[in-house]
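So the structure is just underneath, and the comments pick up after that.
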Amino acid sequence: MAEQEPTAEQLAQIAAENEEDEHSVNYKPPAQKSIQEIQELDKDDESLRKYKEALLGRVAVSADPNVPNVVVTGLTLVCSSAPGPLELDLTGDLESFKKQSFVLKEGVEYRIKISFRVNREIVSGMKYIQHTYRKGVKIDKTDYMVGSYGPRAEEYEFLTPVEEAPKGMLARGSYSIKSRFTDDDKTDHLSWEWNLTIKKDWKD
């Protein structure tokens, strides 16, 4: 049986319903301080110095200035029932993702994992923003608060809450997703586009 494509009216209705779920928060970020400034504050207070060291680690602030402060390295769809890994290497050719598509079985539970590094300074209020399109119509916008992170050698990983893939005949098909990793200063650390195909089964 041929898949039934959603009409423009149905897509508009989905977009309107998702628009109602979006919430805006009046939040004013605090003034940004560098790692060096934080380390210099109350440096004669031994207990505070130890606390900051535990919080920030032994940070080397003389990192290569030519390397971006935040480097987003990968996106993974975490799904226990997937037959194989669903991963994007975000350090390579981002344009190639427009020609590929993840296959996700309808109705399964999954999470999105973003892997990233912070190289020099603390970054406040990082966010992962995702716009989802179907047949050129934006049907969903989701903002995930990632939080504030300081520099370290190891990668950080952020996991979104568990979500359920859409299901049903109208939900099956291709989706285009525009992703952006930003922060309180509205710095665009990385923007990329990728595709998702909802199918009745993993290998439909």
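For all residues, glycine too, the Cβ spot is worked out from N, Cα and C.
Small disclaimer: the values here were computed from a predicted structure and weren't measured.
Taking Lys105, Lys167 one by one, Swiss-Prot attaches N6-acetyllysine to Lys105. Of the candidates Lys113, Lys127, Swiss-Prot marks one as N6-acetyllysine, and that one is Lys127. The candidates are Lys135, Lys178, Lys200; Swiss-Prot tags Lys178 with the feature N6-acetyllysine. Looking at Ser24, Ser47, Swiss-Prot tags one of them with phosphoserine, and that residue is Ser47. Residue-level annotations in Swiss-Prot identify, among Lys33, Lys138, Lys138 as SUMO1 cross-link. Checked against Swiss-Prot, the residues Lys99, Lys141, Lys199 yield a single entry marked SUMO1 cross-link: Lys141.
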